Amino acid sequence: MIISAASDYRAAAQARLPPFLFHYIDGGAYAEHTLRRNVSDLADVALRQRVLRNMSDLRLSTELFGETLAMPVALGPVGLTGMYARRGEVQAARAAAARGIPFTLSTVSVCPIEEVAPAIERPMWFQLYVLKDRGFMRNALERAKAAGVTTLVFTVDMPTPGARYRDAHSGMSGPNASLRRMLQAVTHPRWAWDVGVLGKPHDLGNISAYRGNPTGLQDYIGWLGANFDPSIAWKDLEWIREFWTGPMVIKGILDPEDARDAVRFGADGIVVSNHGGRQLDGVLSSARALPAIADAVKGELKILADSGIRSGLDVVRMLALGADAVLLGRAFVYALAADGQAGVENLLTLIEKEMRVAMTLTGTHSIAQISADALSRVTREQANAVSP
C-alpha cells in the first residue's frame, strides 16, 4: 500500500487489525456526530495564503513546559496502545523521541511506566484519570515521578464513560465478546502472531502493578467503569497539585469558564478536547471550542488541543485558532498498527513536511508567528460567532 497521508495509515490499520480493535480506536460515542465534526470543522478552517514573503528560513521548534520540541506536536495518551503493535507504547515512545517530541503514556496502557520510561532518552509525559481508588492514583504518581516523568496530563472529562455503540457490534463489548474477539484474531494471523503471541503480556501494566495481579482486556471495561468518580470537583485535585511538583496539564476543557477555573487552580496547561468524540456526543468540536477558550486564557497557561487532527495542515489550523501545541491520538495509532515504530516516525515526518508547506504559503516563519492572521477573514468571523 502506498502511504502518502494519515488517511492511508487508517486504511492499512483497518486491513491488519481485528475489527474489535480497529473500531475501538476508530469509533466514538453514541451516533458519532462529534467524532465526525472534529474532522470536518477543522478541515473547514480556511488558511490565508500569502506570497512573496521570503520564506527561506522556517523554524518549527518550540518550547513547552521547559522542553524543546522539534515541532509543536506530542503523542497523546491512548489506552490499549500495546494491543495495536507489539509492546506498542514502547514503539510509539521511541518514534516520538526519535522525532524530538514528547510521548504521553496512558493510565490504561498495556506497557507499564517502568517498561516505557527506560526505553527512551527524553522524559515522557504521563496521563492520569480521576478515579475513586485514590490509592491507585497516588501509587501511579509516585511511580511516574520515580521513572522521571516530567509532565502530568490529568484527564477530567470522564467522570462517567460515554456509551460507544460501535463497540457492541465489533466485539469489544456485547454478547459473546470474548468468543468473537478470538475468532477475529484467527482471521488476522499477522496481528495474532506479532501482538497476540509475541506481544504478551496483554494486561494493563500500570493497574496490574498496583493490584498485584494481571488486569486483562476482559477486566478493562469493568474495572474502569467501577472506578470513575462522578463526584469529582476542583477541590479534589488539590492534593495532586501539591504532590506533583512538575507541570500539570488539565485535559478535557471545552468551555471558557472551565479554562478560567484551570487558571485559578494553578494548572500549567490545558488540553482543549472532547476526548476524540468518545464521551458526550453533540458537544462542540475542539476546533469550534478553541477560539473562545484562547480569548479567555491565552498567555495565562499553555493551551494544547486534540481531536480531529490528521495532518500538518490541521496542526497549523489549531495553532492559528489559538493553541500552543497539539496532541495526536488516532492518527499515530493508525500508523503504529500499520507499521510499528517506523510507521509513527514516517507519519511525523509527513506532518512536519505538511506544516512546512502550510507555513510557507501562509507567510509564517516560526511557530510563534502562527496566529489568527494566518486564517481567512471568513474563518475568523466564524470563530468569533461561537464565542460566548
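The backbone N, Cα and C atoms fix where each Cβ goes, and this holds for glycine too.
What Swiss-Prot records for this protein:
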ACT_SITE  H275  active site, proton acceptor
BINDING   Y24, Y129, R164, R278  substrate binding site
BINDING   S106, Q127, T155, K251, 306-330  FMN binding site
DOMAIN    1-380  domain 'FMN hydroxy acid dehydrogenase'
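On the structure: features taken from Swiss-Prot.
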{"residue": "Y24", "record": "substrate binding site", "DSSP (3 states)": "helix"}
{"residue": "S106", "record": "FMN binding site", "DSSP (3 states)": "coil"}
{"residue": "Y129", "record": "substrate binding site", "DSSP (3 states)": "strand"}
{"residue": "R164", "record": "substrate binding site", "DSSP (3 states)": "coil"}
{"residue": "H275", "record": "active site, proton acceptor", "DSSP (3 states)": "helix"}
{"residue": "D306", "record": "FMN binding site", "DSSP (3 states)": "coil"}
{"residue": "M318", "record": "FMN binding site", "DSSP (3 states)": "helix"}
{"residue": "V326", "record": "FMN binding site", "DSSP (3 states)": "strand"}
Cβ neighbours of Y129 (substrate binding site) where a neighbour is any other Cβ within 10 Å: 24
Residue pair the residue listed as 'active site, proton acceptor', D306 (FMN binding site) - Cα distance, angstrom, rounded: 8
Length of the line joining the Cα atoms of D306 (FMN binding site) and Y129 (substrate binding site), in Å: 17
Under 8 Å by Cβ from S106 (FMN binding site), counting only residues of that chain that are 6 or more apart: P77, V78, G79, L80, T81, E89, Q127
Distance, M318 (FMN binding site) to R164 (substrate binding site) (CA atoms, angstrom): 26
Greatest inter-residue Cα distance in Å for the substrate-binding set Y24, Y129, R164, R278: 19
From binding-site residues R310, G322, V326, R330, the one whose Cα lies nearest R278 (substrate binding site): R330
Candidate nearest Y129 (substrate binding site) in space, where candidates are the binding-site residues R310, D314, R330 and distance is Cα-Cα: R330
Set of same-chain residues at least 6 away whose C-beta sits under 8 angstroms from M318 (FMN binding site): L42, S286, A287, L290, A305, I309, V326
Number of Cβ atoms other than its own within 10 Å, given for D314 (FMN binding site): 25
Around the Cβ of R278 (substrate binding site), the count of other Cβ atoms that are within 10 Å: 24
CB contacts for D306 (FMN binding site) [other CB atoms within 10 A, all chains]: 26
Cβ-Cβ neighbours of R164 (substrate binding site) (radius 10 Å): 23
Other CB atoms, at most 10 A from the CB of H275 (active site, proton acceptor): 25
